[in-house]
Every structure is written in C-alpha cells, then in structure tokens.
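Among the features that TrEMBL reports, domain 'Cytochrome oxidase subunit I profile' is placed at A:12-516. Per TrEMBL, transmembrane segment is recorded for A:21-45, A:65-86, A:107-127, A:147-175, A:187-215, A:247-265, A:277-296, A:308-328, A:340-364, A:376-400, A:415-436, A:456-476.
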Amino acid sequence: MAHGPQPGFKRWLYTTNHKDIGSMYLWFSFAMFLLGGCMALVIRAELFEPGLQIVQPEFFNQMTTMHGLIMVFGAVMPAFVGLANWMIPMMIGAPDMALPRMNNWSFWILPFAFAMLASTLFMEGGAPNFGWTFYAPLSTEYAPPSVTFFIFSIHIMGASSIMGSINIIATILNMRAPGMTLMKMPLFVWTWLITAYLLIAVMPVLAGVVTMMLMDIHFGTSFFSAAGGGDPVLFQHVFWFFGHPEVYIMILPAFGIVSAIIPTFARKPLFGYSSMVYATASIAFLSFIVWAHHMFTVGMPIAGELFFMYATMLIAVPTGVKVFNWVTTMFRGSMTFETPMLFAVAFVILFTIGGFSGLMLAIAPADFQYHDTYFVVAHFHYVLVPGAIFSITAGVYYWLPKWTGNMYNETMGKVHFWLAFIGLNVTFFPMHFVGLAGMPRRIPDYALQFADFNQIASVGAFLFGAAQLVFLFNVIRTVQGGNKATDEVWENPEGLEWTVPSPAPYHTFSTPPAVR
Amino acid sequence: MLRGFKRLFALLTTSVLAHSALAEEQGAERWGVNMTQGVTEVAHTTYNLHMLIFWICVAIGVVVFGVMFYSMWRHRKSKGYQAAQFHESTAVELAWTIVPTIILILMAIPATKTLYDIYDTEEADLDIMITGYQWKWKYNYLGSDVSFFSNLSTPRTQIDNQQPKGENYLLEVDEPLVVPVNKKIRFLITANDVIHAWWVPDLAVKKDAIPGFINESWTRIDEPGIYRGQCAELCGKDHGFMPIVVKAVPEAEYTAWLDERAAAAVKMRELTEKTFTFDELLAQGEKVYNRACAACHQPNGQGVPPTFPAIAGSKIATGPLDGHMSMVIRGSQKNPAMQAFGEQLSEVDLAAVITYQRNAFGNDMGDTVQPIDILNFKNKQ
C-alpha cells in the first residue's frame, strides 16, 4: 500500500484519500459557482434597464434555469460534500471515509454530469428553459430537445449525492474514535448525518420525477399531461416533496459550520449543544411535511392550505432556537472578528432576515400576493447566499490554515467579506421592494416602476461577483505559501482536527485518538 | 456576445445619469417599496395581515439583533472582556421554544380567517372564465355570447428600445377585461397549453391556470378604475409579455358594454358570408399576423427555428391550401408550440392571416382565402 499520493494527474484520478477528494469537490464547486455566477450576471445585466438589450427572452430563460440548477447541484451541494470529506474523518478521529473507492466514483461522475448539462447550451433549441423547478408540461410537451440530456445529468447528480450520503452515514456511524459518543460529535458532523439521511430520502424522488418526465416525452405515457388523463399538479407535488428537504440539505451543514466558528471566536462553548441537535432533527422532520407551501396558488382544498400553512409556520420554532443559541453563545464571550467570524456573524444576521421573509411567505393568504414575485427571489437568496455560500466561505477561511499549513491574508479576507456583504445586500434587499410592488420573477423585461431598484440590484450583483475573485486570489496565494499556521491555528479551538499538525498530513488518525 | 458586453459597458456609464432624469418626470409611482392596499376588501385584509406579520418580525428582529450588536460592541477581546463559560440552560431553551409558538398561534388566527374569506366563492353575481394561452389571456363571459383574447399592446419597437417607452410599458393590452364594480365576480381559471397564473395585485387575486383543471377565485371591486397585473408562472418565452388589465366600471356602463360586444359578435358572424378583395384581406391579415403570429414566427416571418419555424418560404405556406388551413386552424400534430387557432380567431381573421402568410415575406402564391372557405373547411371535419 502506497503511503503518499501518486505523482501527476493519477493522484487525482485514482485517489481514494478523503482530503484529495475533498479538495477536488471544493475546487469543482468553486468552478461551478463562477459559472453559475456568470449566468446570474447575464440575468442582472439584462435587467439593468427596462427593454431587451443584451439577450432575447429565450436565452434569458435558459440563463435563469441553468443558474438555478448549477448553483444548487453544482456549487452548494458539492461544496458541502467537499467540506464533509475533509472534515468529518478528522472531526471524529477516523483515518478516512468508510467507502473510499465509492468516494472517488461519486466525485468523478459529477464533472461529466455538469459537462453534459452545460453542453445543452450549444444544442439546437438551446438549454433547458423551464426554470430550475421544471414544472410540467412546460418541461415535457413544450420543452426543447435538450431536456433529455438534462434528465440524464440529473440522474447522475442524484447518484453522486446518494453515494456521497451513504459514505457519510457509514463513516459517522462506524468509524468514530473510541469515546466519541453521538452526543459528543461536533455539530458539523451531526448536521451532515441528518442531511445525508435527507438526501437518501429525497434524491430517489427527484430521480422518479425526472424519469416520469422521460416516459412522458419519449414513451407515450401521460403522468403530467391532462389531455392523456394525467395531472400537471402531480408533478409539483412530487417535485416539492424532493424540493423542500433539498433546501434544508443546503442549509443544515451550514448550521454545523457556524456552530463551530462562533464558539471559537467568542472563546466560549456553544450554548445549548443538545438543543441544537434536537432542533436540527426537528427541522429535518418538518421538511417532509411542508412541501405544498410552494404551491399555495395551485388551488388546493382549504384543509390542505391550512395544514401546510401551520406546518410551515412551525419551522420557525426550531430555527429560532438555533438563532437564539448562536446569539447567546456570542453573549458575554470575548470576541474577535477574523474573516471566518465575520462571515459567520453575517450568516446569523442575514439568514435570520431570510427566515423572517420565510415566515411571511408561510402565511397562505399573504403568499397569494408574494408568490412567484421578486419577494420570493429575495427570500431564497437571503437564505441561500448568506446561508449556504457565506457559511461555506467561512468554513474555508476557518479550515484553510489546517489544510494548507499557511495562514490566509487577513486583510484580503476582510476586503472579500465587506465587498461580498455590501454586494449581497445591494443586490438582494431591493428585490423585496420590487417584489412587493408587484414584479413577477423570471421575466426578462419589466414595467417602468421597477426600473430603479433593478438598476441598483444589478450594480450590487457585479460587486458581489468581483468579491469572489478576491476570494479566489486569496485562496490560491494561501495554497502557495504564507505565514506558517500553528497546529491549533486559532486560540484554543475545540475539536480533534486541531490536534493534528498543520498542514494536516496525508493520512491522519491511523491509530484512533483518545477522546476525553 | 462581445457586442453585448460593449453595450452593457455603455449602459453602465451613461444610464445612471439618464435614469435620474427619467425619474424626475415620472413622479410618485417609482420607488414603490410595499404591497398595494388594493381595491377590494380581501386586498385590504391581506395588506393588513402582511403588515401585522411584518411588524412582528421587526419587533423580534430588534430584540435579537439588539442583543447581538450589544454583545459585539461590549464583549470584545480587544476591550479586555473575559469570556463567561455558561453553555446550557433548559429553562431558557424551553422559554424560547414556547414563546415563539404562542406568537405563531396568534399569527395563525387572522391568517386562517382571511383564508376562509378568500376561499368562499359561493353566490357570485357574475362568472368569467379565464383561459391562459402562450402568451395571452382569453376571457369568456359565461351566459353571454361575449368572449375575446387579450394581448399585449406595447409595440415591439418600445421593447427593442427603438422608441421611448410608454407610461404603461408592458402593462397594457388591446382589450381589457371589463367588469362591474360592487358585484361579486367569480373567476374560473384554466389554461390551454402550459401552466400560467392570473394575478392582479390590486384585487389580491393570484391563481394558477392549469391545463385540465378549473380553479376558482373571486373578487368584489370597490371603486371604478384600471387595475394591471401580469402572468405569474413561468410559461415559456414570452412569460414576461402577457399582462392583465382589468377595467372596473359602474354597472350600467358594464351592461351597455356587454350588449355592444354581444351585438358585435353577431355582426362578425354575418361578415363570414361576405367576399373580401385581395387587398382587404392582406391589410387585415397583417394586423392579425402581428397580433397572433409574430411573437413566435417573428415580424419578418423568419421564425426562431427549430421550435418556431419560418413562414417565409415554408412548405406549408407555399403548399396546398388545405394543408395551410389545417395547420392554422387545428395546430400542429407534432409541435405543441403551434396552437390550434380555429377557436381563437374569427373566420374573417383566419382567412385574412392565411392569405397574408401566402403572399408576404417573399411568398408569392397569389391566391386568396375567403371566410366562407374557412367555415366550409371547419364544417368538413
């Protein structure tokens, strides 16, 4: 058995090392983040002014669709899997992931899935143009021919996610160091364990719904075609039964990251550890019984509307518990504000704002006015950008010295933070206003009264995009060199990952550590 | 693409200035930041509910962020603050589980009440069937002869920035939905192709229009006026270009309008018997083409292949007349994007537009189609 990495590209192609695979996931997700971000900039550039200037409506719809798909499946999810690969074995004192060869496989099918998805842009009829939610029959009878490639790439992404989840569950349940009981696990491990179960539960549902589409398109069935006795609303039920847990898949690991960072920089233990675990589990449970709040306007019976409204409102309770716990962790701490902490604090503030608009959206009669407007766009970008993206960024800054052995440039980190923070709010806050004032989402052109805020949002988007280049530069510089990091990196942080040298050796915990 | 970026750069540099000048002349409607209070009781209730929840969120936010900013200000290492080490309290956890639950229950009570109001579609004075098409609305006044399509009326030149944009840019239609005030109007909402959503913010009515389903909604408008809305569910290429305009008028005016439209429908049927000249058909055909065909097949007849093929030089438009009539009247059997226009357009308009397509964009068939030919073709089936 080789003890170090193979030379050349074979290291990356054949690797079964959790750190290598984690790095590949992270770089891949960052590339997708830039690609999806460029598409967002095309959208914002077109919306800079009323009228059609840069792209035609057909292409605009392809951009909104691909932006959503790439950000959800290509940027956020692989980034979390990358962090899980790097950190879970080091956090629980395991030498590697439980299923290292499958780990390699679940990464390496992803670039093919996304290459296929991206190639649809060059096909006759263009890329998928029916929104990332791909409601039938727009995505079946009325779809461009490339929809079949989209279906196949979704299948591959789903297979990758399921394999990744099996691996994470197997690792966490079987490979913890002696003494690492479940209730001693870091919250990042806990939140990922629950996320992995969510993934295993709902990814097959997504695979099912795209397979039903495939049958409708090519094999003459009528699952979603009313003319053939099918039901277009069934599509939405099945899609959102996947879709709602999916949005929590994109936020639960974020909770884990922030729960690691805030105590470190507040120099105070996390407040209410066990309530955090229970809250995460409650959110995961609730995520399965709220899906139709995305469908308040489809004409459900009132009993259905009421059930989904009440269940959705309930999510505010465990989410509130988490926010209160983080604030209480900060309260009477001894805080410093290095870049990871800045991102984590911004996460708490902005995610809470997104939570408030989520609570407003839960109120079914008010949702009739909000539904499918920019208010919704503002809401989910407030939970996803500061939620998922900021927490991933915070995690990268937090663990980068452990991965590379070098400290990142703190000044550049702070510049990145403030550019991103300002850019994000300038982009997404005005969207609340235009949404309430009546601007529907997914339109390439708009009435004149929405012009001013849209212009502001577009400027913010370019600022946010530029901030990411600072991030990329900072990370590359840190990988190349910089001030040497100590083994602990931060002041007395908690967790097994800080007990190994910086940079973390290729193999860690070949013999299990002692857990207090 | 490069041209696009150049234009974007020009826009970024010049239009911020140009825009503030534009803002001056357009006045108060701009910079709207909140939901409309609307013109129906349901809209008022919805607005009040929205504001209630908003202020509750603001209050919670002030407390949470207040504590957070206070400790970020006071409990800093740079100020020499020593960290406390407390990390658990069941009593506190219980408190911040129970108190929010109570707040949520208090929110749910008015929300439930409003929802019951919105769902009560019984005892309407008037029923209107609304059908979503790619990319227009059809209004059918049930129990009368009156039904018509409502299309975007903003000229293409304004969208393409060749002309200054009008006041109601993208929110204007050729024929608005006319309704009486102070009457309970029930909307029966469905769609012909993909899912659309009929939304007028001032009425607080938003309901999905789904093929194969008939959804119900209702409104009772307090004051006469013109209320504008848009399709709210992504429905393809021109989703952003299918507005809704509701014109609410006093009852007497509404009745007069309805009678006039019913009479016009009778007259249109009579015109079916008439024989038109080639030039008359061509002139009318161009108008119909621009309204009904140009969105997909483009004003120059070149289409956007493969989904929207060209009319210019097409096998169908320069082929046998029966095939051409069948395509327009019954739609395409292969490509669902080509709708059946047989029920959407009158016989006169169908005859005119088919004649136009056979003799425009370089097509030179030289033949004419009369309304009676269309009627005979339809009756044959």
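Along the chain as shown, residues are numbered 1 onward.
Each residue, glycine too, has its Cβ placed from N, Cα and C.
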Intrachain neighbours beyond the transmembrane segment (A:340-364), with Cβ under 8 angstroms and 6 or more residues off its ends:
251, 254, 257-258, 261-262, 264-265, 293, 296, 305-306, 308-309, 312-313, 315-316, 319-320, 323, 326-327, 330, 370-371, 375-376, 378-383, 385-387, 390-391, 393-395, 397-398, 414, 417, 421, 424-425, 432
Taking residues 6+ outside the transmembrane segment (A:376-400), which of them lie with a CB under 8 Å of any CB in it?
26, 33, 71, 75-76, 79-80, 83, 86-87, 247, 250-251, 253-255, 257-258, 260-261, 264, 338-341, 343-344, 346-347, 349-351, 353-355, 357-358, 361, 370, 406, 408, 413, 416, 420, 424, 427-429, 431-432, 435, 441, 471, 475, 478, 490, 497
Examine the transmembrane segment (A:147-175) against the transmembrane segment (A:415-436) and state whether at least 3 Cβ pairs sit under 8 A, considering only residue pairs 6 or more apart.
no
Non-local residues, at least 6 beyond the ends, that sit with Cβ under 8 Å of the transmembrane segment (A:415-436):
44, 339, 342-343, 346, 350, 357, 369-370, 373-378, 381-382, 385-386, 390, 393, 446, 450, 453-454, 456-468, 470-471, 474
Would you mind giving the whole-number mean pLDDT across the domain 'Cytochrome oxidase subunit I profile' (A:12-516)?
96
